[in-house]
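Novice: What follows is a single structure, and I will ask about it in a moment.
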Number of protein chains: 2
Amino acid sequence: MALTRDTVVETAVRLLTQYGLADLSMRRLARELDVQVGALYWHVASKQELLVDVAAHLLAKIPDNAPSQEITSANDDDVAWVRQELSVVCHSIFDALLPIPDSADVVQWAAATRPEALRAVGILRDLLTHLPVEPTRIHAATSLLLHHIVGIVAELQNATMAVGEDQLEARRVNDRLRESFEWGLERVLDALA
Amino acid sequence: MALTRDTVVETAVRLLTQYGLADLSMRRLARELDVQVGALYWHVASKQELLVDVAAHLLAKIPDNAPSQEITSANDDDVAWVRQELSVVCHSIFDALLPIPDSADVVQWAAATRPEALRAVGILRDLLTHLPVEPTRIHAATSLLLHHIVGIVAELQNATMAVGEDQLEARRVNDRLRESFEWGLERVLDALA
DNA sequence: ACCTGAACACCGTTCAAGT
DNA sequence: ACCTGAACACCGTTCAAGT
C-alpha cells in the first residue's frame with residue numbers, strides 16, 4: 001500500500017508518544033514505515049512542517065461547543081457560560097498533551113510559528129470574542145492562556161523525566177504542578193471575565 | 001591560554017547571539033575555540049548542561065532591588081512598590097531575551113528543567129513573597145509570569161524569522177506583540193496584587 | 001506519481017593515548 | 001590536569017535514476 005501524508009503524520013505521533021522527540025527522526029520514521037528516508041520528502045516538505053502537523057494532530061480532539069446564539073457579553077449568565085467553556089477547553093488541551101512526551105515543546109514551537117494550523121488556538125480565540133475583551137486584545141488573551149497551559153505541561157514533563165523511577169516523588173511533583181495549573185488558570189480567567 | 005568553563009559558556013552565548021541555536025553545536029563551538037570537540041567535555045558534562053549555563057548567562061544582568069525593609073504586604077504603598085518592581089524585572093527579562101535569537105526556547109527549556117539555576121526566577125519568587133499571594137502559590141505565580149514573558153518572546157522571535165526581509169511588516173508584528181506583552185503583564189499583575 | 005540508492009554535510013558523546 | 005585523534009552511532013536534506 002502506498003505511503004500517504006496521513007500515515008506519515010500518524011506514525012510520527014506514535015513515535016513521539018512511545019519514545020519521545022529524541023527518537024522522532026526522519027530516518028527512524030522511514031525505518032518504521034519500511035521506506036527509504038527520501039520517500040518521506042515526497043509527502044512532507046521538511047521535518048518542521050511535519051512537526052506542525054504532529055502538533056495539530058495532538059490537539060485535534062479538543063471539544064468545540066461554539067456558542068449556539070450570538071452572545072454579546074451583555075448578559076452575566078452568558079459570560080459565566082463562556083468562562084466555563086474556556087476552562088473546559090484549557091483542561092482538555094492540558095490533558096491531551098500531558099501523556100505525550102515532549103508534546104509541550106512541539107506545541108509551543110508550532111503555536112509560535114504557525115498558530116493558524118492549530119484548531120485549538122482558533123477555538124480559544126472564538127470563545128474569547130464572547131467575553132468583554134477588547135477586539136485588539138483577543139490575540140494577547142489567547143497567547144496568555146496557551147502559554148500558561150503549555151508552560152506548565154513542559155514543567156511537568158521535564159520534572160517527571162528528572163525524578164525518574166521514584167514513583168512517590170513523581171506523584172508529588174505531579175499534584176503540585178496540577179494545582180499550579182488550576183490556580184493560574186482561575187487567575188487568568190478572572191482577569192479576563 | 002588554557003580553556004575554562006567560562007570561556008566555553010561565553011563563546012556559546014556569542015554563537016547563539018550571532019548565528020542562532022542551529023549553529024550552536026559542540027563542534028562549531030570547538031572550532032571557534034581552536035580545540036578538538038573532546039576538549040569541551042572536560043569542562044562541561046553535556047550540551048544540555050552548557051545550555052542551562054547559557055540561559056543563566058543571558059539572564060545574569062536582571063536588576064535585583066530586593067525590598068530593603070520587611071514588607072508585610074499590609075501597606076498598600078508597599079504592595080504598589082512591589083508590583084512596580086515586578087513589572088521592571090519582567091520588562092528587563094523581556095528586553096534581555098528579545099535580541100538573542102532562539103533565546104526564548106533555550107530559557108523555556110532551562111526554566112522547566114533547572115529553574116534554580118536561573119537567578120531571574122529567584123528574583124521573581126522573592127518579590128512575589130511580598131505580595132498577598134498564599135505561600136503555596138508562589139511557585140505557580142512565578143511560572144505564570146515567566147511563561148507569559150518567554151511565550152511572547154518566542155512568538156516574536158519566530159514571527160520575525162518568518163517575515164524575513166520585509167522591514168515594515170516586521171515592525172508591525174513587533175509592535176503588536178510588544179503590546180500583547182504589556183497588556184498580558186498588566187492583567188497578570190492585577191490578578192496577583 | 002512515487003520511491004530507491006547514494007551521497008553531502010553535518011551532529012553529540014566517548015575514550016585511549018599523549019603532554 | 002587538560003587536550004588530541006579517532007572512532008561510534010547517528011542526523012536532515014537532496015536528487016539522479018528507476019518503476
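Any Cβ shown, glycine's included, is placed from N, Cα and C.
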Novice: Please find, within the list B:25-44, B:45-64, B:105-124, the residue stretch that TrEMBL describes as DNA-binding region.
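Specialist: Per TrEMBL, the stretch marked DNA-binding region is B:25-44.
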Novice: Which sequence positions outside the DNA-binding region (B:25-44), separated from its termini by at least 6 residues, show Cβ-Cβ distances below 8 Å to it?
Specialist: 3-5, 7-8, 11-12, 15, 50, 53
